[in-house]
Amino acid sequence: MASKGREGEHPSVTLFRQYLRIRTVQPEPDYGAAVAFLEERARQLGLGCQKVEVVPGHVVTVLTWPGTNPTLSSILLNSHTDVVPVFKEHWSHDPFEGFKDADGYIYGRGAQDMKCVSIQYLEAVRRLKVEGHHFPRTIHMTFVPDEEVGGHQGMELFVKRPEFQALRAGFALDEGLASPTDAFTVFYSERSPWWLRVTSTGKPGHGSRFIEDTAAEKLHKVINSILAFREKEKQRLQSNQLKPGAVTSVNLTMLEGGVAYNVVPATMSACFDFRVAPDVDLKAFEEQLQSWCQAAGEGVTFEFVQKWMETQVTSTDDSDPWWAAFSGVFKDMKLALELEICPASTDARYIRAAGVPALGFSPMNHTPVLLHDHDERLHEAVFLRGVDIYTQLLSALASVPALPSES
């Protein structure tokens, strides 16, 4: 336990470890403890604090540092408070202890995804306020629930509420991903999650007979069509040295059907997780799914469990004032950026769909990707470097001059 209370530990690291100890783990996150923690941070930093309960027990906490020119749109810094479940037996240390080893690695669920970023936002604001800075644009920090289970009772609802509109967000930052290289990963868009169930109906009967037109035979044809598409996209990814977010992925995740070994089922189903690349014509792709089902035979249908249609791409053109401010910080700090499409889904998709350009960025280079993994961890030096980077980013973004639409 020597890692606790170590003399000389940076206060930002201590705060980070404290936040990691709050058990906001799905499926029963302690959101109340997280909100209380954030309220105390607001009190200490002299920030405005608003709590918006989007559904009972699911609170979006908004901390606000007012700018000097309220006519300008604001900067939105978003992070989620929940974390994914753990298999404690596979961890070297308690995932909710906030343990720091002798080498400076901080272990905990949320160390990379994304409690580190939440504290980096807060500590960057604290540093700027202590130094006496004031900026034209207001900075809002939103801490939202439910992201790890889709954001359906979090950001998806929040962006539809008047409290979100009142923030008048002009530009947003959300989570990114660790990078094992020298470059920092920046997400400017993300793939659309399509979860669907294919259901096949056919003739039932005794398991000893060669029955024609069975549900299994027809479902097999659809599965083959989809997995052939998967292989094609996999080859495109590998042969063209693309990033995962640039192609469409699909995985067969569930198979259901049957009641007994000797009964041919009348119905069988297969579930698929598609992540559709931003450049895909979504209407045409849905028609392709329909054609695969029709080609399999009569009685084959599909239904969506999740279907995201609001694909948005945030500008990374040098003429864009937000991107110019963001990328300019990295040029000044002589840090490399690597632009990517997020291969998974984050709350940034809801923000972009609400008309607010957003980038996904977590300042973790030279760091293995360990989100959702056993022994999720982050080195304290990388974490503190991230506070430095956010300090510069907030200063630049909150100082972007009035846009033509704001004049």
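Positions of Cβ are set from backbone N, Cα and C atoms, glycine also.
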Practice problem: Return the residue out of H10, H366, H372 that Swiss-Prot annotates for the same Zn(2+) 2 site as D113, E148. | Solution: H372
Exercise. Pick the one from H80, H140, H206, H220 that Swiss-Prot also lists for the Zn(2+) 1 site with D113, E175.
Key: H80
Quiz item: Closest of the recorded positions to H80 (Zn(2+) 1 binding site), Cα to Cα, picking from E147, E148, H372?
Solution: E147
Quiz prompt | Residues within 8 Å of the H80, D113, E175 Cβ centre (excluding the Zn(2+) 1 site residues themselves) | solution = S79, G110, M114, V117, E147, E148, D174, T346, D347, S362, L371
Practice problem: Find the one among the binding-site residues D113, E148, E175, H372 whose C-alpha lies closest to that of D82 (active site). | Solution: E148
Quiz item: Of all the recorded positions given, D82, D113, E147, E148, which has the fewest Cβ neighbours within 10 Å once its own Cβ is left out?
Solution: E148
